[in-house]
Structure formats: structure tokens, C-alpha cells
Number of protein chains: 10
Amino acid sequence: MNLHDKLNALGSQRTDYRYDQPDAALLERFPNPYAEATINPHGVTGSLNITCPEFTSLCPVTGQPDFATLVIDMIPGAWCVESKSLKLYLGSFRMHGEFHEACVCRICNDLVTLLQPKWIRVEGRFTPRGGIPLWPTAEWRQPGC
Amino acid sequence: MNLHDKLNALGSQRTDYRYDQPDAALLERFPNPYAEATINPHGVTGSLNITCPEFTSLCPVTGQPDFATLVIDMIPGAWCVESKSLKLYLGSFRMHGEFHEACVCRICNDLVTLLQPKWIRVEGRFTPRGGIPLWPTAEWRQPGC
Amino acid sequence: MNLHDKLNALGSQRTDYRYDQPDAALLERFPNPYAEATINPHGVTGSLNITCPEFTSLCPVTGQPDFATLVIDMIPGAWCVESKSLKLYLGSFRMHGEFHEACVCRICNDLVTLLQPKWIRVEGRFTPRGGIPLWPTAEWRQPGC
Amino acid sequence: MNLHDKLNALGSQRTDYRYDQPDAALLERFPNPYAEATINPHGVTGSLNITCPEFTSLCPVTGQPDFATLVIDMIPGAWCVESKSLKLYLGSFRMHGEFHEACVCRICNDLVTLLQPKWIRVEGRFTPRGGIPLWPTAEWRQPGC
Amino acid sequence: MNLHDKLNALGSQRTDYRYDQPDAALLERFPNPYAEATINPHGVTGSLNITCPEFTSLCPVTGQPDFATLVIDMIPGAWCVESKSLKLYLGSFRMHGEFHEACVCRICNDLVTLLQPKWIRVEGRFTPRGGIPLWPTAEWRQPGC
Amino acid sequence: MNLHDKLNALGSQRTDYRYDQPDAALLERFPNPYAEATINPHGVTGSLNITCPEFTSLCPVTGQPDFATLVIDMIPGAWCVESKSLKLYLGSFRMHGEFHEACVCRICNDLVTLLQPKWIRVEGRFTPRGGIPLWPTAEWRQPGC
Amino acid sequence: MNLHDKLNALGSQRTDYRYDQPDAALLERFPNPYAEATINPHGVTGSLNITCPEFTSLCPVTGQPDFATLVIDMIPGAWCVESKSLKLYLGSFRMHGEFHEACVCRICNDLVTLLQPKWIRVEGRFTPRGGIPLWPTAEWRQPGC
Amino acid sequence: MNLHDKLNALGSQRTDYRYDQPDAALLERFPNPYAEATINPHGVTGSLNITCPEFTSLCPVTGQPDFATLVIDMIPGAWCVESKSLKLYLGSFRMHGEFHEACVCRICNDLVTLLQPKWIRVEGRFTPRGGIPLWPTAEWRQPGC
Amino acid sequence: MNLHDKLNALGSQRTDYRYDQPDAALLERFPNPYAEATINPHGVTGSLNITCPEFTSLCPVTGQPDFATLVIDMIPGAWCVESKSLKLYLGSFRMHGEFHEACVCRICNDLVTLLQPKWIRVEGRFTPRGGIPLWPTAEWRQPGC
Amino acid sequence: MNLHDKLNALGSQRTDYRYDQPDAALLERFPNPYAEATINPHGVTGSLNITCPEFTSLCPVTGQPDFATLVIDMIPGAWCVESKSLKLYLGSFRMHGEFHEACVCRICNDLVTLLQPKWIRVEGRFTPRGGIPLWPTAEWRQPGC
Ligand SMILES: [Ca+2]
Ligand SMILES: [Ca+2]
Ligand SMILES: [Ca+2]
Ligand SMILES: [Ca+2]
Ligand SMILES: [Ca+2]
Ligand SMILES: [Ca+2]
Ligand SMILES: [Ca+2]
Ligand SMILES: [Ca+2]
Ligand SMILES: [Ca+2]
Ligand SMILES: [Ca+2]
Ligand SMILES: [Ca+2]
Ligand SMILES: [Ca+2]
Ligand SMILES: [Ca+2]
Ligand SMILES: [Ca+2]
Ligand SMILES: [Ca+2]
Ligand SMILES: [Ca+2]
């Protein structure tokens with residue numbers, strides 16, 4: 001089986017951007033190449049650093065826009081996240097209202113559900129509101145890792 | 001229950017700024033999203049970094065203004081601090097006289113009372129007075145954490 | 001006559017800080033030493049650069065606090081501004097509501113009235129509001145200079 | 001007349017954020033304090049520098065989000081732009097599709113219409129698309145200035 | 001007419017990447033918004049800065065890959081270049097052998113043909129070959145501008 | 001009891017600067033707010049960082065002036081040092097002759113006597129003499145801490 | 001005549017530091033080597049840059065210490081200032097009270113009297129008082145130069 | 001005619017490196033693409049910046065190795081230098097003894113002879129010898145350019 | 001006994017600089033203030049960092065000058081080194097030929113002999129010779145410390 | 001004639017370092033290659049930048065060592081200075097006492113005598129004495145250049 005047989009977003013005929021609410025179904029995964037013996041005969045260990053500087057959502061109470069750079073660090077297990085689908089998923093927060101902490105918590109959980117990584121950490125570096133930058137972090141480790 | 005059902009400051013019809021003395025009653029909290037199973041089904045661990053570069057108070061003896069950047073690091077428990085209420089709370093020191101150390105100690109205690117975090121540290125990076133910058137730090141850890 | 005015979009703020013028995021509204025009467029001046037033949041027998045030319053990083057005022061509409069660094073450049077004429085009185089004068093904006101542009105315009109005008117300098121420029125580097133920093137500048141040159 | 005008698009957005013009971021298309025009617029102005037003899041008795045000259053790091057719009061063809069920092073420099077005439085209304089106006093591009101060049105051109109024109117400044121320049125520092133950052137600039141000078 | 005009525009590459013059902021030789025036919029243009037009275041009623045002046053850090057071609061003699069960052073500065077006339085088509089056009093050099101100077105010269109000429117700008121400059125910041133970085137520049141100004 | 005009932009230097013009618021010899025009696029302390037149950041109901045832990053860039057004394061043999069930045073780190077016990085009294089105390093070295101090492105040792109001892117801290121470290125970053133900067137450090141820990 | 005026949009401070013049996021008031025008689029000069037045909041047979045043009053980071057004086061009103069870095073630039077005429085005597089002269093401000101502007105003006109005048117340079121500029125980069133750094137400059141040019 | 005029909009060094013079956021003495025015959029040129037109407041139909045203007053950080057020669061007297069970064073700026077005329085041949089040419093100084101100034105002068109002259117550029121400048125940034133870095137520059141402009 | 005009763009170099013009527021060979025007899029010590037109960041009643045712990053950027057000696061074979069910055073770290077015992085005598089001692093290497101390693105070893109030994117410190121480390125950061133910087137270090141610890 | 005026929009210092013069997021007094025006879029020159037038609041057939045223009053960070057001399061009055069970085073910029077005429085001879089010449093100041101200004105003036109004059117350059121500037125960046133760095137500059141231009 002080819003690693004990308006089931007990907008929809010990447011190279012699709014027409015990408016439909018969804019902006020109304022976070023949609024974990026937009027996320028797509030492909031088999032972690034580090035987990036394939038044909039690709040990784042020596043069993044080298046893999047890890048990932050992903051920086052997403054263009055995250056924006058709305059304040060759940062006032063409706064005003066929030067902006068953040070998300071930094072995702074991960075030791076993948078059986079799956080890797082496809083990056084265009086990650087962009088579409090993060091774009092789906094655009095018109096959605098949720099507190100900084102809840103956004104970061106939700107993103108970390110959706111990635112844990114999708115990928116079952118060995119370890120993952122998501123940090124949201126939000127720009128200041130009222131002169132105060134508030135940066136939440138979420139971290140998860142697979143039991144036994 | 002919605003996370004922000006009980007918030008007053010954020011998005012209120014009219015914010016009443018209080019500047020005469022520190023008023024912990026201005027602080028508002030909302031349920032820590034990391035503690036909600038619906039938002040955090042995988043039980044990821046959360047932490048927070050908050051930078052407040054616009055803190056100002058008065059010297060308790062001379063009445064002259066003091067300025068500081070407050071840096072708050074926290075592992076929340078059941079509650080998170082709402083950031084606009086934090087701004088209003090910090091703003092309530094504007095016309096209040098108190099030593100640097102006491103301000104930092106008070107802020108840390110008020111946040112412990114409000115939030116019962118697992119761990120918190122508050123550092124006050126005050127600008128120089130008499131050519132001398134004095135930076136106090138306060139730290140608290142919930143017993144058993 | 002001693003240069004500082006008429007100064008009130010500097011070294012006063014007790015400084016009374018006024019925070020309710022801008023009070024140009026707080027500003028004090030002393031004879032520009034460069035203009036005194038006993039101190040400047042050779043007639044050397046003088047200029048001044050003053051940086052005030054702790055300016056704060058209120059928004060005239062919402063009442064929320066604003067913060068700025070003011071930078072003042074000047075070629076003095078007959079008078080110099082006394083720096084503690086300048087601090088007290090700038091401190092008198094603490095509980096006063098006025099737009100950024102008007103604060104800078106007012107400060108420049110009050111210094112022109114007090115000092116009749118040959119040239120002066122006042123820049124207000126305000127911290128962001130709504131994510132947007134707005135920096136006004138005011139400049140004045142004595143006719144014929 | 002008070003400088004802010006006619007402002008709606010700033011300190012309003014409830015801000016209504018509009019995200020569907022650029023709406024110049026959101027922009028508000030107030031009389032340039034530098035143009036008021038009571039505030040500027042000496043006739044000092046004013047100028048403005050405004051940085052807006054949180055601009056976002058959509059691509060008019062693909063619908064994908066674009067991000068930019070807008071930098072506005074201005075010598076105002078009779079009017080100044082109110083900064084919260086500027087934030088709301090820029091926020092109204094959030095779900096609107098338009099090319100980078102057209103956004104910058106439109107913003108410059110809307111500000112010229114509103115403010116009739118002596119001089120204005122708007123630069124859009126857009127983040128890369130396809131690995132390529134494209135930065136348009138628009139500039140206008142009142143005839144005779 | 002809509003500014004993007006005739007664009008093919010942007011948002012097309014399927015992008016066909018061409019890598020065998022530079023193909024100016026891949027370039028697409030759209031009417032310069034600054035030249036449309038409906039978008040630019042005040043006739044503001046426009047300019048553009050485009051940075052393309054991912055250019056790659058082959059050495060015409062040895063076949064080894066070359067890499068460059070192209071920096072394009074322009075005062076557009078009647079047309080603007082569409083940025084995805086620019087990416088595809090630059091991508092068409094991928095398997096093509098041509099000297100650094102000729103690549104930059106060709107790109108500048110192809111953009112002049114397409115856009116008839118008032119002024120354009122293209123600089124190729126090539127990475128070292130044999131330890132030697134060689135950076136050619138091409139510049140063109142419309143007669144009378 | 002108010003924390004600052006017994007302070008003399010701060011806000012006094014007239015500060016008498018003493019410059020002839022180090023005078024530990026100039027140092028004043030106030031009850032450590034972290035040690036007061038009313039201010040610190042949760043018993044948060046406090047620490048202090050103080051930077052004094054304007055220390056000057058005389059060489060005990062040649063009489064020439066020495067300059068240093070003193071850096072003081074401390075975990076206070078029952079008392080905190082009042083910062084204006086610290087400035088006055090450090091100022092009292094101005095006309096006093098003592099070697100770098102002895103100055104730092106004396107300052108550390110005077111602060112231990114005054115404050116009985118849990119831990120303290122004083123570093124003297126002296127400017128070069130004869131082209132040679134000499135930086136002594138003194139450190140003290142309360143037995144059992 | 002040897003250039004240093006008449007110097008007293010440099011290499012004296014015992015340097016007597018004077019700290020009570022500025023004493024221009026402490027300044028010593030030696031014949032500008034650039035003006036001596038035996039040393040400068042080709043008539044090369046000389047200039048000087050001198051940085052004095054350890055200047056300290058007292059406030060004339062409060063008696064509190066002030067600190068500055070003085071930067072002196074000069075095109076000498078017939079004389080050069082001897083640098084140890086300059087240090088002693090600057091040290092004589094140690095217990096003297098005078099405003100920043102007057103110190104800089106006085107130093108410039110004393111050097112003009114001593115040296116009759118072709119051009120001289122003295123800048124005083126004082127450390128902040130009340131959070132405000134104030135930097136005066138004095139400049140003089142010999143008529144006809 | 002193809003631009004690279006006559007090139008020998010680039011892509012030759014076997015490069016013969018010559019290290020014994022500077023050999024201008026190693027330099028090869030190709031027709032300046034900016035001068036070819038087929039490549040430059042619009043007559044855009046070209047310029048070049050070439051950095052060569054790996055130049056090494058020998059001291060003509062002691063035989064010890066010298067190292068330099070050569071920086072070449074040029075407005076080409078009818079010809080461009082082929083960069084691999086430039087590398088071979090510069091490599092031919094490896095076992096050759098010549099002073100820094102003469103190397104730079106020779107390289108500039110050899111390039112003028114080969115290329116007849118409109119303008120050229122060659123700077124040699126040599127590493128220190130005896131603790132002293134010596135950097136010669138050579139510059140040439142075609143008469144009438 | 002005064003700490004500096006027996007010092008010769010510091011403040012002597014006339015310093016005789018010796019430049020012909022390293023002379024440990026130039027080094028002078030004074031009782032470590034940290035070891036004096038009157039100065040250090042609390043028994044605070046002392047340490048020292050000394051930087052000497054102006055060390056120069058000769059190559060023992062070629063006679064050419066060498067230059068270094070010496071960095072000395074120490075926990076003193078009963079004695080401290082007087083810094084002007086250290087300068088004179090280091091100056092006595094000026095016309096002396098010795099390898100880098102031997103200089104550093106000698107200096108460390110001479111200081112151990114003079115001071116019997118608890119711990120000492122001497123590092124010589126020599127400038128390059130033949131393009132190669134060579135940095136020797138010497139370290140000594142008193143038995144039982 | 002070979003450019004280095006008459007050089008003595010460079011590559012001599014044994015370099016005799018002279019340290020007792022400045023000896024311009026140590027300086028050697030070789031014909032400026034830019035002035036030789038065989039080396040510079042096109043008449044390219046040459047210039048030179050030389051940095052000498054290891055200059056040391058003695059104070060003429062106290063005998064203590066001084067250190068400087070000398071920076072020499074030059075447009076040579078008929079001659080160039082040979083760099084090892086320059087090192088030896090600068091080394092000859094090692095045991096010589098002379099003021100900073102006189103050293104720089106002398107070096108500039110000796111180079112003018114030796115080289116008859118079209119233009120030359122010598123700057124001495126001396127390390128601080130008494131905490132004060134003093135930097136003299138000397139400049140000369142050949143009449144008619
Ligand atoms: Ca899917
Ligand atoms: Ca939603
Ligand atoms: Ca109060
Ligand atoms: Ca008054
Ligand atoms: Ca008011
Ligand atoms: Ca729209
Ligand atoms: Ca091809
Ligand atoms: Ca007391
Ligand atoms: Ca004393
Ligand atoms: Ca005298
Ligand atoms: Ca006095
Ligand atoms: Ca050939
Ligand atoms: Ca040879
Ligand atoms: Ca002795
Ligand atoms: Ca010897
Ligand atoms: Ca001598």
C-alpha cells in the first residue's frame with residue numbers, strides 16, 4: 001500500500017475551506033514511515049517539530065479576533081499528520097469562538113485521537129490582548145512511553 | 001455548562017475600571033478546559049505562561065509611581081484566570097501604594113485563592129528606582145503536587 | 001542668582017504627586033546654563049535628549065490605561081526644564097483621559113510655552129491597543145531659527 | 001465640542017464585529033488635535049505611525065486565508081482615525097476575498113476618503129504564499145502638500 | 001469585469017507543474033488594482049516587493065542543481081503578476097540548464113513582456129558553487145518613467 | 001502594624017546623604033511581606049534579585065575612585081531591605097577607601113546582620129584598574145537552610 | 001623642549017585627589033604633537049575621541065549622586081589635554097552639586113579655555129533619574145575653523 | 001550559437017587543476033546574456049556580485065600560505081566570466097608567491113582583459129599575518145562609462 | 001593591623017616597571033578580608049574572578065611578541081593578590097621569551113606560592129600565531145579543599 | 001626587477017626584533033604593483049586597509065604599558081609598505097615612551113616619508129587608562145590629490 005493512498009486534501013480537485021467551527025474530520029494521516037520496516041530497516045527513531053504562525057480564532061465572549069503561533073512537537077507512533085490537512089483543520093477555527101486554553105487543549109486532543117503519538121506537546125503563543133500575552137501549553141504522553 | 005457563562009468583565013456592556021486599591025473580587029475564573037472530559041478526553045496536561053508588561057502601582061511611602069513587567073507561570077488545577085479580569089485586577093493597583101515585594105506576594109496569593117493551581121510562580125521585573133532595579137519572585141506549590 | 005533658586009519640586013520637603021489631570025503649572029524651568037556668560041564664557045552651543053519610558057494616561061472614552069515611551073529632543077533657548085518637575089508633570093496624566101495624539105500635542109505645547117526653545121520634537125511610542133501600536137510626533141521651531 | 005463626542009466603536013456598549021466584507025463605514029474619525037487651537041496654541045506640526053500586525057483576508061480565487069502586517073504613516077489634516085474603529089475596519093476583511101494589491105489600495109483609498117490627510121502611505125507585509133512573500137505599498141499626497 | 005476572471009493557475013482543479021524548460025506562458029496577470037478607478041478612486045501610487053526564496057535550476061554544462069532567492073521590486077503599470085502563476089513559472093526552471101545571469105535576464109524580460117511595468121528590478125541571490133556565490137541583477141525602466 | 005511604619009529614609013522631609021564612610025545604620029528593613037500571614041495567607045515562597053549599577057568607592061591606598069555594579073540575590077527570612085536605604089548605604093562608600101574584596105565582604109555581612117536571610121550572594125563587578133577588572137563574590141547561607 | 005616637561009599629575013610622587021569642587025587648575029596640557037614640526041614634519045591633521053564612562057557628580061538640590069559617560073570629540077589646536085589630569089579634573093566633580101546641563105557646559109568651556117581647540121563637542125550620557133535619562137551636549141568651533 | 005559552446009572547464013571530462021602560477025588562460029568567458037537580443041529583448045541592465053571565500057596564495061618571500069575572501073563587483077559589457085573557470089584561475093595562485101596587493105591588482109587586470117566590463121572592483125580580505133589583516137582593493141572603469 | 005600596611009606597589013612614590021624577566025617578587029598580597037573576623041563576622045564565603053586582557057610576552061625562539069588575555073578564578077585562603085602588583089608582575093613578562101604553556105604554568109605556580117589559595121585556575125587566551133590561537137589552562141586545588 | 005628584491009625583513013634568515021625605540025629604518029617598501037605597467041596594464045586604481053590589533057608602547061612619564069589597535073587606510077602612490085616590516089616597526093615602540101597622540105602622529109609621518117601615498121589615515125584605538133579610552137587620528141593628503 002502506498003503511504004498516501006487515502007489522502008483527500010493534498011492535491012484534491014478543489015479544496016473546500018471550512019471556517020465556521022473546528023472540524024477534526026478535516027485532519028488526515030498517513031502511515032509513519034519510521035514505522036515501516038521497508039523504509040526504516042534499522043528502526044531509527046523519528047520526531048517532528050511543526051510551527052503554525054497563522055492561527056486565528058475568535059474570542060468566545062466578545063467575538064473579537066485572536067491570533068497565535070502554534071508550536072507542535074511530537075514523537076509519532078503509527079501515524080503522521082498530513083500537513084495540508086493540518087492547515088485546513090487549523091483554518092476551521094477562523095470563525096469559531098473559544099478561549100486560548102481550550103483551543104490548545106482541543107488541538108492536542110484531536111491530534112492524539114488521530115495519531116496516537118508516543119508523545120506530543122502543543123503550545124499556543126497568542127498575541128497580547130489588553131497588553132497581556134497568554135501562552136497555554138498542552139502535553140500528552142502515551143502510557144508506557 | 002458553557003465555560004464562560006459566569007464571566008462579567010469580558011464583553012460587558014461597560015467596563016468599570018477601578019484604580020483605587022487592589023481588588024481581588026475583580027478576578028474571574030472559568031473552568032479549566034483541561035479539566036473537562038468533553039474538551040480533554042485524553043487527559044492532556046496543561047500549563048500557562050502569562051506576561052504583563054504594563055503593571056504600575058505607587059510607592060507606599062512617597063506616593064511616586066512604580067512600573068513593572070509581571071511574569072506568571074502556572075500549572076492550573078480546576079480553574080483558569082480570565083485574562084481581561086486579570087488586566088482589570090492588575091489595573092486596580094494603579095493608585096495603590098505597596099512595596100514591590102508585597103505587590104508580588106499579594107498577586108500570587110490572590111491567584112492561589114482564586115485558582116487553587118497545582119503550581120504557580122509570579123516574578124515582578126520592576127524598573128529602577130534610585131538607579132536600582134529590584135525584582136521579587138513568589139512561588140507556590142499545592143501540597144502533594 | 002543661583003540657577004536653582006526658584007525650584008520647588010526638586011528636594012522639596014514633601015513632593016505632592018498630582019494624578020488627576022495634566023497640570024502645566026507643575027513644570028519648572030531654570031535658566032539655561034548655556035545662556036549664562038559666567039557658566040558659558042565661550043558661548044558653546046547646547047542641545048538636549050530626554051527619554052521618558054514610564055508615561056501612562058487613560059483612554060478618554062473607555063477609561064482603560066495607556067502606556068508610552070516619550071522621546072524629547074530640544075535645542076533650548078533661555079530656559080531648561082527641571083527633570084523632576086518634568087516627571088511630576090508627566091505623572092499628572094496618570095488618571096487623565098486623552099487620545100494619544102492630543103497627549104503628545106499638549107506636552108509639546110506646554111514645553112514650548114514654558115521654555116520657548118529654539119527647536120523641540122516630542123514623540124510618543126505608545127504600546128499596542130487592540131494589537132495596534134500608534135505613535136504620534138509633534139515638532140516646533142521658533143520662527144527665525 | 002469634545003474630540004470624541006461622535007465616536008461609536010470606542011467604549012460602545014457592545015461592539016458588533018463584521019467579518020463578511022470590507023466596510024469603510026466602520027471607520028471613525030475625530031478632529032485632529034493638532035488642528036485645534038485650544039489644544040495646539042503654538043501650532044506644532046503632527047505626524048503618525050501606526051502598525052497593524054494582525055491583518056487577515058482570504059484569497060479571492062482559492063478561498064485560503066492570507067495574513068499581513070500593515071504599516072501606515074501619515075501627516076494628518078483635519079482628521080485623525082480612531083484606532084478601535086481602524087481595528088474593526090481591518091477586521092471586516094476577515095472573510096473577504098481580495099488580492100494583496102487590491103487590499104492595500106482599498107485601505108489607502110478608504111483612509112484618504114475618511115481623513116483627507118496631507119500625506120499617507122500604506123504598506124502590506126504579507127506572509128508567504130507558495131513560499132513567496134508579496135508586499136504591496138500605496139502612497140498618496142494631497143495636491144499642494 | 002472581476003480582477004481574477006481570467007486566471008487559470010490559481011484555484012484550478014488540478015495544477016500541472018512543468019519542470020522541463022522555462023515557459024513564460026505559465027505566467028498570468030490580472031489588471032493592476034491601482035489602475036482601476038473603482039478600486040483606486042483617489043489615484044494612490046502603488047509599488048511591489050516580491051521575494052522568491054525557492055528558485056532552483058540546473059547548470060547548463062554540468063547538470064548540477066543551482067539554488068537562489070529571487071528578489072523582485074516593481075512599480076506596476078496596467079498589470080500585476082498573479083503569484084501562484086509566478087511560482088509555477090519559476091518552477092519551470094527546475095530541470096532546465098541555464099547560467100545564473102541568463103536566468104535572471106530571462107525572468108526580467110518575461111516579466112517586462114507580461115506586465116509592461118513602469119520599473120522593475122530582479123536580483124538572483126544564488127548559493128555558492130565551488131564555494132563562490134554569484135549574484136546577477138537585471139533592471140528595466142519604461143521609457144519616460 | 002503597617003509594613004513601613006518605621007522607615008526613615010523613604011519619603012523623609014529631607015534626605016541627608018552621608019558620603020564619608022560605610023554606615024550600616026543607614027540600612028533600614030521592613031517586615032518581609034512573605035512572612036506576614038495577612039499578606040501571605042498561602043505561605044508562598046519569596047526571593048529577590050537586586051542590581052546596583054552605580055556603586056563607587058575609593059582605593060584605600062591611592063585614593064582614586066573605583067566603580068562597580070553590585071548584584072545581590074537573596075531568599076529573605078523575617079526582613080526585607082528597603083531600597084532607598086540600600087541606595088543611601090551604598091552611597092556612603094563614596095568617599096571611603098577599601099579594597100574591592102573588603103567592600104563586597106562588608107556589604108554581605110551588613111545585609112546578613114540586618115536581614116538574617118535564608119540565603120544571600122553579593123557580587124561586585126568592578127570596572128578595570130590598570131586594564132584589569134577584578135570581580136569578588138560573597139555568599140552566605142543560614143545554618144539549616 | 002620635551003612634550004611632558006611641565007606635567008604634574010602624571011607620574012607624580014603622590015597624586016592628591018580633589019573631590020570637593022570642579023577645579024580647572026587640575027587640567028594640564030602638553031604641546032599638541034601634531035603642531036610640532038619635529039614630530040609632524042609632513043603636517044598631518046590630527047583629531048581625538050575620548051570616552052569617560054566613570055563621571056559622577058551630585059544633584060545641586062537634593063545632594064544625591066549622578067552618573068554619566070562623557071564623550072569628548074576634538075580637533076586640537078596648539079595643545080592636547082593630558083589624560084590623567086583629565087581624570088583628576090573629572091574626579092573633582094565627585095562631591096560637587098550641579099545640573100547635568102551645567103556640568104557639560106562647564107567641562108566644554110574649561111577645555112576650550114585650556115586647549116583653544118579648532119573644534120570640540122562634549123556629550124553627557126547621564127543614567128536615569130526618576131526613570132528619565134537626560135543627555136545634554138555642548139559644542140564649540142573656533143572662529144574661522 | 002549557444003552561450004556555452006566554447007567553454008572548456010565546465011563539465012569537462014577531467015578538470016586539470018593547475019597550482020604552480022596564476023594562469024589567465026584558465027579564465028573562460030561566455031557572451032553576456034544581457035547583451036544578446038534573443039535573451040534580453042527588452043535591453044534590461046545587468047550587474048554582478050561574486051564572493052570567493054577560498055582564495056589562497058603563498059608569501060613571495062617566506063613561502064607561507066595566505067588566505068583571503070575576494071569580493072568582485074561588476075557591470076559586465078560583452079562578456080561574463082564562467083564561474084568554474086574563475087575558480088580554477090583563482091586556484092592557480094595556490095603555489096604561487098605574490099604580495100596581497102599584487103594578487104588583487106593582477107586579478108582585476110586579468111578580468112579587465114578577459115571581459116572588458118563597463119565597471120569592476122576587486123577587494124581582497126586577507127586573514128592576519130603577524131596579527132595584521134591587510135585588505136587591498138582594485139577598481140577600474142571603462143572610459144566613457 | 002590595616003589590610004594594606006605592607007603594600008609597596010600601590011600608591012608608591014614611584015613605580016619601577018621591570019620588563020626584562022618574570023619577577024615573582026613583584027607580586028604583593030594582603031590579608032584576605034574574608035578571613036578577618038572584624039570584616040567578616042558572619043563568615044561569608046568569598047571567591048574572585050580577575051581578567052587581564054593586556055598580557056604580552058616574547059616567543060622564546062623567534063623573539064616575536066605574543067599577546068593574550070589571562071583569566072584567573074580563585075577561592076582565596078589567607079591572602080589576596082594586590083591588583084597593581086599583579087599588573088606589574090604580568091608586565092615583567094614583556095621582554096621575556098617563553099612558550100604559552102610555560103607562561104601560564106609559571107603564573108599559576110607563582111600565585112599558588114604567594115597566596116596558598118583553596119583553589120585557583122589560570123587560563124591564557126593567546127591571539128593566533130600562523131592563524132592558530134592556542135589557549136593553555138593551569139589549575140590547582142589545595143589538598144583537602 | 002622583482003618587486004621584493006630589496007626586502008630584508010621578510011623571510012630573512014633571522015629577524016632581529018628591535019624593541020628599544022621607534023625605528024623608521026625598519027620599515028620597508030616595495031614598488032606599488034598598481035604602479036607597474038606589467039602588473040597593472042589597465043591602470044586599475046588601488047587602495048589599502050590595514051588593521052594592527054597588537055600595538056603596545058610605554059607611557060613617557062610613568063613607564064606603564066599602553067595597548068592599542070591601529071587602523072591604517074591608504075591610497076598608495078609609488079610604494080606599498082611591506083607588512084612584516086610594518087610589524088617590526090610597530091614592535092619597535094614596545095619599550096619606547098610616548099603619548100598616544102605622538103605615537104599616531106609619528107606613525108603617520110613615517111609612513112608618509114616612506115610611501116608618499118596619495119592619501120593616508122592612521123587611527124589609534126587605545127585601551128582605557130584611568131578608565132578613559134583616548135583615540136587619536138592622523139590624516140594626510142598629497143597636495144593635488
Ligand atoms: Ca477526511
Ligand atoms: Ca463556533
Ligand atoms: Ca491603597
Ligand atoms: Ca510651579
Ligand atoms: Ca482628566
Ligand atoms: Ca467579500
Ligand atoms: Ca531546458
Ligand atoms: Ca536607621
Ligand atoms: Ca573611610
Ligand atoms: Ca596645574
Ligand atoms: Ca560644590
Ligand atoms: Ca581556455
Ligand atoms: Ca610562481
Ligand atoms: Ca615585593
Ligand atoms: Ca628572559
Ligand atoms: Ca625611547
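In case you wondered, yes, glycine gets a Cβ from its N, Cα and C as well.
Annotated features, as they stand in TrEMBL:
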- D:CYS59: active site, thioimide intermediate (ACT_SITE)
- D:ASP66: active site, proton donor (ACT_SITE)
- D:VAL81, D:GLU82, D:SER83, D:HIS100, D:GLU101: substrate binding site (BINDING)
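A map of TrEMBL features onto the structure.
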residue  : record                              : contacts (Cβ under 8 Å, 6+ apart)
D:CYS59  : active site, thioimide intermediate : D:PRO65, D:ASP66, D:GLY97, D:PHE99, D:ARG129
D:VAL81  : substrate binding site              : D:LEU27, D:GLU28, D:ARG29, D:ILE50, D:LEU111, D:LEU114, D:LEU115
D:SER83  : substrate binding site              : D:ILE50
D:HIS100 : substrate binding site              : D:ASP66, D:ALA68, D:GLY124, D:PHE126, D:LEU134, D:TRP135, D:PRO136
D:GLU101 : substrate binding site              : D:PRO136
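In the three-state DSSP scheme, the residue listed as 'active site, proton donor' falls into the strand class. In the vicinity of ligand 8, defined as a Cβ distance under 6 Å, none of the recorded positions D:ASP66, D:SER83, D:GLU101 are placed.
Our reading of the substrate binding annotation (D:VAL81, D:GLU82, D:SER83, D:HIS100, D:GLU101) yields a largest Cα to Cα distance of 24 angstrom.
Here the recorded positions are D:CYS59, D:ASP66, D:VAL81, D:GLU101, and none sits under 8 angstroms from chain C, going by CB atoms. In this structure, none of the recorded positions from D:CYS59, D:ASP66, D:SER83, D:HIS100, D:GLU101 has a C-beta falling under 6 Å of any atom of ligand 3. Under the DSSP three-state reduction, D:SER83 (substrate binding site) is assigned to helix. Those binding-site residues from D:GLU82, D:SER83, D:GLU101 lying by chain E, with Cβ under 8 Å from one of its Cβ atoms, are D:GLU101. Following the DSSP three-state reduction, the secondary structure of D:CYS59 (active site, thioimide intermediate) is coil.
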